[in-house]
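Below is one structure, written out as structure tokens; the observations come after it.
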Amino acid sequence: MQPSNPNQFTEKAWAAIARTPDLAKQAQHQNLESEHLMKSLLEQEGLATQIFQKAGCSVQRIRDLTDEFISRQPKISHPSGVYLGQSLDKLLDRAEEARKQFGDEFISIEHLVLAFAQDDRFGKKLFQDIGLSEKVLREAIQQIRGSQKVTDQNPEGKYAALEKYGRDLTLLARQGKLDPVIGRDDEIRRVIQILSRRTKNNPVLIGEPGVGKTAIAEGLAQRIVARDVPDSLRDRQLIALDMGALIAGAKYRGEFEERLKAVLKEVTDSNGQIILFIDEIHTVVGAGATQGAMDAGNLLKPMLARGELRCIGATTLDEYRKYIEKDAALERRFQQVYVDQPSVEDTISILRGLKERYEIHHGVKISDTALVAAATLSARYISDRFLPDKAIDLVDEAAAKLKMEITSKPEELDEIDRKILQLEMERLSLQKETSAASRDRLEKLERELADLKEEQSRLNAQWQAEKEVIDRLQSIKEEIEKVNIEIQQAERNYDLNRAAELKYGKLTELHKKLAEAEAKLREIQVGGRSLLRDEVTEADIAEIISKWTGIPVSKLVESEAQKLLHLEEELHKRVVGQDEAVSAVAEAIQRSRAGLADPNRPIASFIFLGPTGVGKTELAKALAAFMFDTEEALVRIDMSEYMEKHAVSRLIGAPPGYVGYDEGGQLTEAIRRRPYAVVLFDEIEKAHPDVFNVFLQILDDGRVTDSQGRTVDFKNTIIIMTSNIGSQYILDVAGDDSRYSEMYNRVMEAMRAHFRPEFLNRVDEFIIFHSLRKDQLRQIVQLQVQRLQQRLSDRHITLSLTEKAIDFLAEVGYDPVYGARPLKRAIQKQLETPIAKAILRGDFFDGDTILVDVGEDERLSFRRQVELATV
């Protein structure tokens with residue numbers, strides 16, 4: 001049996017009462033008594049446990065005492081039913097009286113808890129045992145309820161709403177859990193100024209993502225705690241509203257609005273003591289709106305206008321425009337505070353302020369040069385994000401990487417471990433051998449193993465010692481930080497004795513320990529070769545930038561410097577002749593990697609001019625293969641596809657309102673994903689002249705704005721354009737160097753006739769490719785044969801051509817007008833097809849060497865090398 005009329009109770013209170021018969025049955029009791037209700041309330045983990053915690057009681061102790069009392073009651077083995085006991089009946093009557101005292105409409109959990117104070121059967125004794133008086137209980141209930149009344153059947157969601165749906169930033173600042181905020185004084189001062197107004201005292205922080213809007217609110221919280229604010233803001237609480245928690249779990253219509261109203265009521269009832277901070281304030285507009293329902297923004301409006309609610313908002317420029325500007329009534333209630341991206345110098349100061357926090361967290365040191373590098377390199381190479389966020393991320397990731405290296409086994413030790421494993425496997429197999437040579441080898445191996453194991457244990461001991469000291473340093477630094485926070489708290493509370501005791505006692509001792517640990521680490525590192533690095537340097541930051549963007553930022557390693565010095569030779573392995581073109585491209589790369597290129601323009605921009613088939617596109621491919629080890633790093637755009645005026649939208653993206661607007665452009669998307677690339681615009685004369693207007697910004701400033709309004713950075717690209725314009729003039733003077741300048745002028749005239757001067761004027765160099773000579777064609781034959789050889793290597797077939805065969809192919813494939821392409825066709829016809837047929841006939845097998853020569857009939861002959869050897 002249960003008490004009647006659930007409509008008198010709130011949902012949670014009725015759920016607790018409805019659970020009591022089950023608990024009584026489990027305990028084999030026939031009567032429902034007050035102890036069963038207490039057990040039910042404690043099982044809920046809801047308001048009852050909150051009240052006891054607020055009153056300073058141990059919930060677990062109350063649970064244990066309740067269970068103990070229940071277990072002592074007489075049991076009935078098979079109770080036919082359960083009946084309402086006297087104690088519970090009286091308790092419910094007292095709860096009804098408590099409801100009337102509080103002026104509520106329903107009996108709630110707190111009324112039931114309060115009724116236990118007068119319960120003669122169980123409650124009084126329980127509260128005596130745990131030392132809880134009715135007065136303390138009432139105070140705890142009052143603190144949780146605040147000024148809320150029970151006006152519906154689900155009031156618990158509205159109690160201590162700010163505690164549930166907000167983070168107290170001032171409390172976090174007192175505990176030292178917020179990162180220090182450096183600079184931003186003007187913005188914080190403006191926020192304080194707006195908050196001090198009589199009406200419309202609501203600043204909204206607007207700025208790009210990552211510039212530090214939330215940090216300004218945290219900075220204000222720190223100032224409030226440090227009492228570095230005007231009297232109007234002294235001892236105020238700054239609470240960040242968690243919109244996610246507010247919306248989460250609001251199942252019924254109107255539940256979200258009720259929660260928000262409860263939060264706003266607490267704020268207004270505090271008479272200006274509480275300042276609300278809503279991060280991502282645009283989420284408030286439209287939040288909780290269903291058909292015909294008010295959204296959260298409309299609930300805020302009246303209070304914002306009257307000055308009852310002091311609220312700081314933060315949102316990005318785009319979202320402010322999209323959501324808040326559309327709602328003019330909401331917009332006028334907020335005063336805008338623009339937060340700009342800090343300069344590189346300011347970012348360095350911010351990083352210096354945060355340095356200690358990151359050092360303590362990761363347990364590594366961060367050098368000042370690393371901080372400067374993080375600010376300068378991120379500003380230069382990461383264009384789609386904002387300072388200081390991107391610089392802080394760099395430092396954080398570099399420190400995390402170093403910490404990971406410290407905790408994992410050093411490379412030297414790892415190599416020795418592998419070597420020992422290898423030798424032990426060899427020893428096992430040698431032990432089974434009986435020959436004298438095997439025994440000698442075994443003896444030698446045993447000696448080698450003993451030496452290696454000795455070295456292994458020495459390195460292991462050193463690694464553990466270094467790691468131990470580094471960990472100790474981290475724990476001492478953490479201790480120092482805790483003591484510093486305690487000192488600040490003592491000074492704020494004017495407990496100067498405690499502050500002095502900590503400052504001149506504990507802190508001095510910790511600094512002494514820190515100095516000792518640092519000296520010990522230096523001793524280990526200087527005495528023996530150091531296995532671990534414990535400091536983040538400029539090189540670490542450069543490495544992280546390279547991982548993020550693919551741009552080689554790190555200082556040149558000697559091997560890479562040598563590789564760059566021989567860049568021309570590398571390119572000539574693929575591109576025959578064309579010395580001017582190859583050296584111009586090589587010099588541009590050398591300038592860039594040595595750090596002498598103009599940082600505000602592309603690395604280099606070229607127009608390759610010349611007849612077809614002389615190596616213009618091949619040079620671009622060779623360059624991409626050299627720089628990125630793959631030809632696929634070449635962003636190739638065939639300009640013959642851009643013959644119409646409107647085709648430019650394919651490069652930078654379709655304008656708003658057109659199909660494909662969200663997809664971005666072929667060129668801009670490729671460079672956003674891979675900012676360090678070789679961009680090849682093939683056959684530029686085929687494109688519509690208006691398409692080249694896009695190139696003006698790319699070539700001059702190294703950037704272009706796509707259809708979405710994003711700036712795409714071309715400063716780390718090499719731009720190569722190829723064209724056949726004027727190729728007839730180049731062919732006319734083939735092999736005649738004396739007429740070169742005349743030919744160059746005529747080609748440039750043809751270019752000027754076709755392209756606009758403002759486009760041509762922005763290109764770094766015009767490089768003319770000459771038509772190929774016969775001796776160069778022989779080299780190309782050898783290159784093409786090498787490629788064919790690679791394809792045959794899968795079948796282990798080797799290809800060998802005599803000098804006569806090479807001359808024959810060069811002669812057949814020579815055509816000055818078409819360059820090297822006819823040669824490719826000749827090799828296909830004269831060499832590849834006959835070999836393919838011979839393999840299919842079974843003339844050649846895997847592992848054969850095919851000798852290619854010119855037969856008496858002036859055609860290529862094919863035979864096995866082995867046959868030749870036996871003749």
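Heads up, the Cβ atoms here are built off N, Cα and C, so glycines get one too.
Copied from Swiss-Prot, the annotated features are:
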- 9-73: region 'Repeat 1' (REGION)
- 84-147: region 'Repeat 2' (REGION)
- GLY207, GLU208, PRO209, GLY210, VAL211, GLY212, LYS213, THR214: ATP 1 binding site (BINDING)
- 392-526: coiled coil (COILED)
- GLY610, PRO611, THR612, GLY613, VAL614, GLY615, LYS616, THR617: ATP 2 binding site (BINDING)
- 772-871: region 'C-terminal' (REGION)
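Here the features listed in Swiss-Prot are placed on the structure.
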residue: GLY207; record: ATP 1 binding site; CB count, 10 Å: 21
residue: GLU208; record: ATP 1 binding site; CB count, 10 Å: 16
residue: THR214; record: ATP 1 binding site; CB count, 10 Å: 16
residue: GLY610; record: ATP 2 binding site; CB count, 10 Å: 26
residue: PRO611; record: ATP 2 binding site; CB count, 10 Å: 22
residue: THR612; record: ATP 2 binding site; CB count, 10 Å: 16
residue: GLY613; record: ATP 2 binding site; CB count, 10 Å: 22
residue: VAL614; record: ATP 2 binding site; CB count, 10 Å: 29
residue: GLY615; record: ATP 2 binding site; CB count, 10 Å: 25
residue: THR617; record: ATP 2 binding site; CB count, 10 Å: 18
Rounded to the nearest Å - Cα separation of THR214 (ATP 1 binding site) and THR612 (ATP 2 binding site): 59
Binding-site residues compared (LYS213, LYS616) - the one with the fewest other Cβ atoms within 10 Å: LYS213
Secondary structure tally of the region 'Repeat 1' (9-73) (DSSP, helix then strand then coil): 48 helix, 3 strand, 14 coil
For THR617 (ATP 2 binding site), the three-state class that DSSP assigns: helix
Alpha-carbon spacing, GLU208 (ATP 1 binding site) to GLY610 (ATP 2 binding site), which is rounded to whole Å: 47
Nearest of the binding-site residues (GLY610, THR612, GLY613, THR617) to GLY212 (ATP 1 binding site), judged by Cα-Cα distance: THR617
Inter-residue C-alpha distance, THR612 (ATP 2 binding site) and GLY207 (ATP 1 binding site) (nearest angstrom): 52
Local Cβ density at GLY212 (ATP 1 binding site) - other Cβ atoms counted within 10 Å: 29
Tally of DSSP helical, extended and coil residues in the region 'Repeat 2' (84-147): 47 helix, 2 strand, 15 coil
PLDDT averaged over every residue in the coiled coil (392-526): 77
For GLY207 (ATP 1 binding site), the one of PRO611, GLY613, LYS616 that lies nearest, given that the binding-site residues are compared by Cα: LYS616
Under 8 Å by Cβ from GLY210 (ATP 1 binding site), counting only residues of that chain that are 6 or more apart: ARG385, PHE386, LEU387, PRO388, ASP389, LYS390
Which same-chain residues, if any, lie at least 6 apart from PRO209 (ATP 1 binding site) yet have Cβ under 8 Å of it: THR316, ARG385, PHE386, ASP389
